[in-house]
Amino acid sequence: MKDVRLVEGGRVRDWPDLLEDIRFCQWEYSVKERVLRCGELQGEVAAAEEEGGWFQALVHPSDRKRVLRVLRKRRKGGQKFEVILRVKSRQHRWVWVRVMGRTTEREPSGRVSRFEGCLCLVETRRRSPRSEESLRQLYRAACGIGKAIREAEDLQEAFQLACRLVVETAGMRMAWISEIDWKSAYICPDAWAGYSDGYAENLKISIGFVELGKGPAGKAFRSKDISLCRDVSAEPDFTPWREAALERGYLSLVGVPLLDSRNQCLGLFLVYSGQIDGFGEDELSLLRAVANHLMLAMESVHRERSLQESRDQFGELVNNIGEGFFAYCRLTDRLIYSSPEYWEVLGLDEQEVTLKDFHNLVHPEDSGGFLEVVEKAMSGRETDLEFRIIRPSGEVVWIHEHTASIKGDDGEVVRVIGVLRDITRHKEMEAQLYRTQRLESLGTLAGGIAHDLNNVLAPISLSIDLLNEEKDDERRRQIIAMIKSSASRGSNLVKQVLLFARGAQGPRETLCLMPLLEEVTRIGAETFPKSIRIVREFAPDLGPVNGDSTHLQQVFINLCVNARDSMPRGGRLLFRARNRAFSPAEANELGLGAAGEYVELEVTDEGEGMTAEVRDRIFEPFFTTKELGQGTGLGLSTCLAIVRSHGGLLQVDSTPGQGSTFRVLLPQTEGVCPVTRPGLLRAKTKGEGRSILVVDDEEMVRDILCRTLESLGYRVSARSGAQEAIERLRTGSQVDLLVTDMMMPGMNGPELVAWIRREMPQIKVVGTSGLSREEFKWDGEELQVDGFIDKPFGREQLSKVVASVLP
């Protein structure tokens, strides 16, 4: 090997001979000596001093930085590199050469000291007609690529095969394929083959008319035609990718659009050549053939994808719509399609079902209607039917079915398609709605008759008190006591019905539950059979609640009585009360109105317990498991209404044979339990001559009310209506107190009260009614009375209210 020394500062000599006469040579370069040795070169070549050195003299200015960058990246010993660059020829023109090499020696410091490799000339392809054998090879290559694409298991494999075979068959540098992602504005290769070295992996191309979309790929996409880049180094639109392409030896490339039958671009096929203008008509023909094979594969996959997407969407619709779809073939008497929901509704595993099999599931009472609908469907009419089926498990289910018929060319029905769904829950809710509407009607009726019934009971209650004072006869007192007890029971029943019907509320105040609970358990201990042992577990620090003591006492007594009735043979009745705190999550899970502090009351018995069916209906109005005459069925429903009106919760936990536990949760209020100090307020028992005007349209109520007030020492006058009362008041006669009914014909009680407050505000007013005070308003305002008495009432209650109003 003869040395050729290119000494920095020297002159260029004989180097162009290498470029013109030698197509290939080996080389080595000593970094320390700065000497390049080429084995086939004769003579010595040195760069001119004024050129600034051999590297600057020989290498094209645009390629110098790129070449140096490649060398710096390969400074690890043994690493290979390849670079295509332009060097100056004898005629002072720039020619392309391919330089391949590696680092071979390093100094102790680690610095590279020697490179070696080979060099070859890159020429522009000289177009010449291909021989018949060459054309046959290209044809066989195209057929082979097409066969490989058709036999590929999936589109990704087809893309990979096409890229690899094109690179190998046509001698290309690299090739890649990308499907168009319409959700993104960029193209990224899905498959590639050949020498990439990170190029395809990091490639970023836009499909828009922007800088990253002006290359062959973007042009091919927008023009829907082949786009050629004949010289990477000279193509202005290839600037964003030029350096990376030249580093890898890509000197020309072509972009081929993959067009479907509608001329829509579904993908791109890019092929890179290691030669300038490396694509002749023969190569382009090969690429067009490959593109056609790829497009056929892509269209097939896209059709399958679309079909699968349609299936998935239909399946998603079918599985989430909550209805069962089916298609019945009349000729075969079999289902040709059925959704999973169809079998779920029927309660069957998927199987072959004939029309007779389906008919066997229909409830006997609905069989006739079902057969009529089948006949209509077979005649070509749409059908709509609600009927019951009996599942194999024995469960009765309501079904709603809608069908439509499909006719053949002869006009006869060939298929019946339809949907069915389980409407059992809907039917139950519908029945519940009807029950609720009936209960609302009953509530309206109960509220309407409550006033009249209380008016009937009121004279009885007041008369009894008067009779008790007139004569001391034991037999008479017993009869009167019996009448009073019956009147009291009637009054309590009316209040209970009214509470259920309208949710009537009594006065609310801060309460300590301990006295109420002790009183209820004391009554139970004194009145319940001795075989029932009452156990009390009351926390000493029960928090206060805001409530109506009468209604809450009714709840506690009712729960105790129910527990007693559930243990006819005796047992333990546990009464537990304690404070509980609930977090927002716990309150939400329980269904409480708000988180915070609550008082929890539990009543647990050792009775027979309840089945799930009874437990689900235990709070329904008028539902009772007791014998006729032993219960109204309003007890627990009334308890539920009371507890809910207090912002609380009433629950039951019961298992057959293991007893029941009723739990009441009442929200605590701020403050402390009030201390009861009896005797501080005492009602006056003598009227001391005060004047009272009684207004009531019921003669018996009016008469007995006057007699009772007179017996208490008051001067009493009476009127049957509001207008008469106003005329009496306008006479100027002294009236200290007006006692008036609320529901009267003509001018009613609230209107009379409003007139009093406007014209004679000094007169005190006490209202009476068979309905609660909250039922009455005037112009949307609360009733402005000084006192209120619920009918029926006794002498003592009347005395206390009147005495508290008149100072």
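Cβ atoms are placed via backbone N, Cα and C, with glycine included.
Bear in mind that TrEMBL entries carry predicted annotations, made automatically and left uncurated.
Taken from TrEMBL, the feature domain 'PAS' covers 310-381.
What TrEMBL lists as domain 'PAC' is 383-435.
Summarised as a single figure, the pLDDT of the domain 'Histidine kinase' (448-670) averages 78. Feature annotation from TrEMBL assigns domain 'Histidine kinase' to 448-670.
If you look up TrEMBL, you'll see 691-806 marked as domain 'Response regulatory'.
Summarising the annotation, TrEMBL assigns 4-aspartylphosphate to Asp741. Around the Cβ of Asp741 (4-aspartylphosphate), the same chain contributes Val695, Asp696, Asp697, Glu698, Val701, Gly749, Gly767, Thr768, Ser769, each under 8 angstroms and 6 or more positions distant in sequence.
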Using DSSP, how many residues of the domain 'Response regulatory' (691-806) fall into helix, strand and coil, respectively?
47 helix, 29 strand, 40 coil
Based on DSSP, tally up the residues of the domain 'PAS' (310-381) by helix, strand and coil.
40 helix, 12 strand, 20 coil
